[in-house]
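If you look up Swiss-Prot, you'll see His48, Glu75 marked as active site, proton acceptor, on the strength of sequence analysis. Sequence annotations record features per position, and here Swiss-Prot assigns active site, proton donor to His196 based on sequence analysis. Residues or ranges marked as 3-amino-2-oxopropyl phosphate binding site by Swiss-Prot on the basis of sequence analysis: Asn12, Arg23, Gly197, Gly218, His219. Per Swiss-Prot, 1-deoxy-D-xylulose 5-phosphate binding site is recorded for Asp14, His15, Arg50, His55, Thr105, and the stated evidence type is sequence analysis. Positions annotated as site 'Transition state stabilizer' by Swiss-Prot, on the basis of sequence analysis: Glu156.
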Amino acid sequence: MTEANRILLGVNIDHVATLRQARGTRYPDPLKAALDAEEAGADGITVHLREDRRHIQERDVRVLKEVLQTRMNFEMGVTEEMLAFAELIRPAHACFVPETRQELTTEGGLDVAGQEARIRAAVERLARIGCEVSLFIDAEPQQIEAAARIGAPAVELHTGRYADARTPAETARELARIRDGVEYGLSHGLIVNAGHGLHYHNVEPVAAIPGMHELNIGHAIVAHALFVGFKAAVQEMKLLMVGAASRR
């Protein structure tokens, strides 16, 4: 496989923790899921420590940081609490995401253009500990330009509107937005990733986009794992992605 056809899978294990927190038990263990995902071919593990601690807990992050063989992508709100925690655990990668307490899941991209100074300071702060920051944004030119201006090395394009599209025309339109966003991000020197709402029936067109570096996928894999097991669920997703990327 050439570099142009290579694509990475980041497995988000938040919803393993959601199941655990639903009953306040010690199981299922997100660490076990992470290790199984790595063994099955995941290129990284993504966790989101939310302000309300609805799934992943601080202890999960600390343990994962110590034992992962790949890398941890730490999703976080741009708050003093999370920045201080990131400085403590020193992840290799972090992704800044917008966050509100009432949302079921992240509902849109970060408004980088509307708060450049604040986000620039946060990116620079984590860069000082060797942490590469990506910004979770909508595939809009002004947001991509702002990400490049503030010195973020990477962006993660929000694929929720594509995933939620209800007609073939709407799906095609949203896929084109993502494709244009990847091209525009690359032209600004950014590493371009994507994620949100991707599953086994919609991932291939996104993975096939030239220049797409990594997809972060969680809920679909955790749900499928209930029926086929965690390793098999990860392997199936990776196979779909690699197959699609090979046809670029």
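Any Cβ shown, glycine's included, is placed from N, Cα and C.
DSSP classifies Arg50 (1-deoxy-D-xylulose 5-phosphate binding site) as coil under the three-state reduction. In this entry, 3-amino-2-oxopropyl phosphate is bound by Asn12, Arg23, Gly197, Gly218, His219, whose most widely separated C-alpha atoms sit 25 angstrom apart.
Annotation note: Arg23 (3-amino-2-oxopropyl phosphate binding site) sits in a helical segment as assigned by DSSP. Counting other CB atoms no more than 10 Å from each candidate's CB, the recorded positions His15, Arg23, His48, Arg50, His219 peak at His48. Glu156 (site 'Transition state stabilizer') is surrounded by 28 other CB atoms, counting those within 10 A of its CB over all protein chains shown. There are 26 other Cβ atoms within 10 Å of the Cβ belonging to the residue listed as 'active site, proton donor'.
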